[in-house]
Amino acid sequence: MASLRKTHPILKIANSALVDLPAPSNISVWWNFGSLLGLCLITQLLTGLFLAMHYTSDIETAFSSVVHICRDVNYGWLIRNMHANGASFFFICLYMHIARGLYYGSYLFVETWNIGVVLFLLVMMTSFVGYVLPWGQMSFWGATVITNLMSTVPYVGDALVQWIWGGFSVDNATLTRFFAFHFLFPFVVAAFTMLHLLFLHETGSNNPTGINSNADKIPFHPYFTYKDLLGFAVMLLGLTALALFAPNLLGDPDNFTPANPIVTPPHVKPEWYFLFAYAILRSIPNKLGGVLALLFSILVLMVVPFLHTSKQRGLTFRPLTQMLFWVLVADMLVLTWIGGVPVEHPFIIIGQVASVLYFSLFLVLFPLAGMTENKALEWN
């Protein structure tokens, strides 16, 4: 008689995705980040749910309610610290996951990749509206600056901004709707994650060699379930260490001050994981141009599959493009640094050079390097 996990209508879906799934035998630790992102999402959903039970989305009481959570709610300080720092770990895993996709050519699974980019945008939106909720100085001014970017939309821009605000400035209506969005979006992310997996399982996983691995597949359980559990343990150890020993390390000191529309903080900047995009936005001395650059800094990922010129899939045996890949990583780090410093010389020019390099790598240098390597191997 067949096992229940293979016959039950619901269990057989889980079985084909998590137990009997044929996986390449040689996928490395870089393939752990997908499941780590799943763990991050579950952690954020649970901690967020418990925070929402005590939070009030009203400008008079929002800041106080967060203080109340940290002081008076049983383990509220821990739940809040896990949630705030969990977002940082979510983005660390996201960037590692995207970097893995770029390095090993996983973007050639175009549907899976594009849904992944949409997921990335959704998580960024969720994070942004969540950052506004504590209603500190950086929450308020961050919301003001970023929503104001919508005013660059031709003709309807100003109306669009007021529509998002629910009034003539960032006010109570804005906070209330942002809380509603922050509660809703993670479930949308969860739904898109299911689609992401659905499309991935149509093709099967890629692997470090970039060649077809059908001849050498192993079951996901127990091999990769245990491998993933090790990743879970390492990440949770890092998250709890950060949440317990240095919970405010990655936050902004300005957010300990309640929002004040009269006083602007000296440097308005987003959370560290958005600084690279913020640097690209600031590097163009034109509002519309900056907004478009900001948008395309993420959407450029969608064109990567169509600019793949190499006859090989990954970068495992492509030293020239490997070098460019690590230049991209260094460039992202430079942009992250520039996004967090004041707009003055020499930071302005460094940011502009780093921004030009960022787009050049994706749109020009990677495709050129692929063609060069084909020529060197006489594969043209």
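Please read every residue number as a count from 1 along the shown chain.
Backbone N, Cα and C define each Cβ position, glycine as well.
Taken from Swiss-Prot, the feature heme b b562 binding site covers His83, His182, and the record attributes it to similarity to another entry. Annotation source Swiss-Prot lists heme b b566 binding site at His97, His196, citing similarity to another entry. Residues or ranges marked as ubiquinone binding site by Swiss-Prot on the basis of similarity to another entry: His201. Positions annotated as transmembrane segment by Swiss-Prot, on the basis of similarity to another entry: 33-53, 77-98, 113-133, 178-198, 226-246, 288-308, 320-340, 347-367.
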Where else in the chain does the transmembrane segment (288-308) make close Cβ contacts, counting only residues six or more beyond its ends and a cut-off under 8 Å?
-> 98, 102, 105, 107-108, 110, 113-114, 117, 120-121, 124, 149, 152, 276-278, 280-282, 355, 358-359, 362-363, 366-367, 370
Per Cβ pairs under 8 Å, the stretch of 226-246, 320-340, 347-367 packing most closely against the transmembrane segment (77-98) = 226-246
Can you say which of 33-53, 226-246, 347-367 has the most Cβ pairs under 8 Å with the transmembrane segment (178-198)?
-> 33-53
Taking only the CA atoms, the spacing between His182 (heme b b562 binding site) and the residue listed as 'ubiquinone binding site', expressed in whole angstrom, is 29
What same-chain residues, at least 6 away in sequence, bring their CB to under 8 Å of the CB of His83 (heme b b562 binding site)?
-> Gln44, Thr47, Gly48, Leu51
Rank the binding-site residues His97, His196, His201 by the number of other Cβ atoms within 10 Å of each Cβ, and give the residue at the low end.
-> His201
His182 (heme b b562 binding site), number of other Cβ atoms within 10 Å | 22
Go through the chain and flag residues at least 6 beyond the ends of the transmembrane segment (226-246) whose CB is under 8 A from any CB in it; none is fine as an answer.
-> 29, 32-33, 35-36, 39-40, 43, 78, 81-82, 84-86, 88-89, 93
Spatial separation of His97 (heme b b566 binding site) from the residue listed as 'ubiquinone binding site' - C-alpha basis, Å | 17
